[in-house]
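Taken verbatim from Swiss-Prot:
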- Asp77, Asp81: Mg(2+) 2 binding site (BINDING)
- Asp77, Asp81: Mg(2+) 1 binding site (BINDING)
Amino acid sequence: MSIYDDIFKQFPTIDEWSESNEKIMLEPYTHLGINTAKELPSMVTKAFNHWYQVPQPALDIILQIVGPIHAACLLIDDIQDDSDLRGGNPVAHKVYGVAQTINTATYVCFDAYHKISKLTPFSKSPETTDLWSIINDEIAALHRGQWIDLYWRDSLICPTEEEYLRMIHNKTGAIFRLPIKLLQALSPVDSPPDCFPLVNVVGILVQIRNDLLSLSPDFTKDKGFCEDFSEGKFSFPIIHSVKADSSNSLLIDILRLRPKDEPTKRKALRYMKDQTKSLDHTFDVLCKLEKTAKEELEKLGGNSELSSILELIQVSPIPEIADR
């Protein structure tokens, strides 16, 4: 008897989804090998709950939302940047292919998205419209920021520092704001403090810190040597260097080439360090941002857990990063 003799009987079987299928489908995601609970967005979320006092079960669900979304973004970022390494290992799409990795990243995002409904019992009202709006708005902001970053890269348009800050306010800031907004929406505290100036500063601080660390020997082990040059990316130090001397096209020419060889990238790095002092400038900006974050934290009455995180992400002096 053919399965087509009574096709309707086949639907339940066709719709079944086994644990083995799920495990295989998630392999590009698990390949990342990251503990989402120890990633910065999750750590920051737990620290900010000091002010919002959301019950642990609800906090756990929020972490189950932000962690996978952040990981999915890393999978997509690696594809869009044509990266080779993450955490010292081959990136997922080099192992499983671009198509499977995109599909898995999308699936992980939707799976996290569906967890919003689990927050309903903790909501201040039976309606969860605000919760859906939060995730919709911040995911949209993330994609807008990512788009303009890619647009600058692919069009070889160097933004101003102000434009770059607005971009990372969306792209990086969204992954920090999303869980904090969920905490705010679910908080049993009558009048929780306004933490968003601090959240936004932390997002900007983290991205510019990553931009500087991408030039360090330690980061080379994780992502390769000065990969921003190979990716043609306008990072914060590169933007400063290009704008510092618009008559010198060295960096633009190197970004256009997207070099893989170390000598070319070392030449660009030395120019940024010695000629335009862009690493010094970036370090100075990070120090100002750290100071601002600590001042905001003090205004909010302090938070030992968040203070520890700020100490953890504090940048090293320039000589330890660039002299080699």
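Our numbering is plain: 1 for the first residue shown, then up by one each step along the chain.
Cβ coordinates are placed from backbone N, Cα and C, and glycine is handled just like the others.
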Of Asp77, Asp81 (the binding-site residues), the residue whose Cβ has the fewest other Cβ atoms within 10 Å: Asp77
Where Asp77 (Mg(2+) 2 binding site) sits in the secondary structure, as DSSP reduces it to three classes: helix
